[in-house]
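Enquirer: Pasting a structure below so you can have a look.
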């Protein structure tokens, strides 16, 4: 056991201090050096030497402490006959400032060795040092030995325990206190909040309000507002708001910020904005939080408008602001706005190692612009795992599996350790490209080579890989052998593979499992009905429709949207409401003739209604993605790329038709559906029809 692990007690102070001194080059305490020998061996500073020879040790210690030479200052204690309280206080103060626990223990040991009895002030200093350095056993020992304690003694101990999460010990002391002040209550309440015990924090706040001599301050109410936000208790939050108004705490910016945060997290975004607008001194953290609340609440336009206000306010956004906005752009596929943010970041300069740089890679990847994502990625001196993974997933979703796997191999060579999310991207790339054997090799390497534990996502990817390839027996083997229950994503992969290969039997099993896991999801019913329709099992299609009606399940309407000149245009299937519908319809009819001449044949297999073929073809002609693509063509100059987004998986016929449209119109057409990006060019799709 080293001297660092010895407890300070009255039985061995001499042993403790002498062992400590043995780590320097000095002899033990019972063999003191002469003054001349000491100063020759310990310092070349003439001033310090002269001060010590003159007995002015306090001045020498002050100078050494100011020079950050705390070890030398503590060593001087051995050459002072009876150090004063002032000397001990100075040394402990600097030990506390530098969080120098070892030197603080030496000073404490010396007080015992020299027979000095520290008073209340010094004992509190020792408790504070030990608590802030995480040595709570030593702090508790000092506390227990104190003949006299004041509020500072109790509060320091409580604060020390709460900061390390020992809330039971803190509460025990809190309950034993002879008296409490605002700090006592706030330390205990904020400790509960910090360690995710909001209910206990609010209960203690209610108790505090019953004490006549207890008055909350801005830190107390900020903590209880955070507790209300954590519990999403708008009622309690409003009660605290009323209390704040009654007690005059509503003039503080910290309180306003906490109020805005509470309302935002409790779903009252408009009230949060009203609080935000009342704040006078809004800093970048406040702006970032409010912008983030809009995005979290799905109010993209309001969030982006507030971000524009921030850029015009004179306050410079930080990396967290940029990351939040870029992630929102990624979630809404708003690449044009993301590019504007990127340009602004470039103008003001941003750290290529920051969260914002990673968010840029993520944004471009999610928006289907892997070229820009790769450009930003290559500009990062040391890409983090999030950036690697974002680009790998981006390549996988954009029909670039070779690039995805090459990047993964580069990741391994870089020494960066992949996590389970990285492997989801790698396995997805293999699944979408049909690299079955390669995908299985990566799947087995997760555990065997990289020492990671399989997650439900890994099993779902492996099953998807096999189901897409029609290798259902192997897929079922994985399902039967996996240690956890299959989740909805795995069964969705199974039924997706069954749709491709027409495996009615397994599709029924997968659908039944999905009906148990998410009975309200219309996608399962529709996919199963599609599989039955393809097999010509119209009675089963009717049964599925009947089941949907009985359960009140409504098919999610397919809708597609396209942005033209910063204006969003949304289309539903058969939608005639668009102001330019006649122009769209006319061009679509002309296009249909050209497509048939090129060899296009409508694929009516997935039209649910048992109607005549001509009617089926008519239904297919007005799917939302076709309307959006045609509108993009008639609204933009020749050769302009078209980018369309759809909320559902694009249908087989639309996928086939858009290949023809890309060739006839000589356009690059990108369609992002709920699963991935499809890049159509010259009659081909980036997915190579394996999707």
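One is the number of the first residue shown, and numbering goes on along the chain from there.
Each residue, glycine too, has its Cβ placed from N, Cα and C.
No curator has checked TrEMBL annotations; they are predicted automatically.
Because the structure is a prediction, the values reported are computed rather than measured.
Annotation source TrEMBL lists repeat 'PPR' at 150-184, 252-282, 283-317, 384-418, 521-555. Among the features that TrEMBL reports, domain 'DYW' is placed at 599-691.
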Enquirer: Could you break down the residues of the repeat 'PPR' (150-184) into DSSP helix, strand and coil, giving a count for each?
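Expert: Once the DSSP states are binned, the repeat 'PPR' (150-184) shows 26 helix, 0 strand, 9 coil.
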Enquirer: Per DSSP, how many helix, strand and coil residues does the repeat 'PPR' (521-555) have?
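Expert: Helix/strand/coil tally for the repeat 'PPR' (521-555): 27 helix, 0 strand, 8 coil.
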Enquirer: Going by DSSP assignments with H, G and I as helix and E and B as strand, what are the residue counts for the repeat 'PPR' (283-317)?
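Expert: Per DSSP, the residues of the repeat 'PPR' (283-317) fall into 26 helix, 0 strand, 9 coil.
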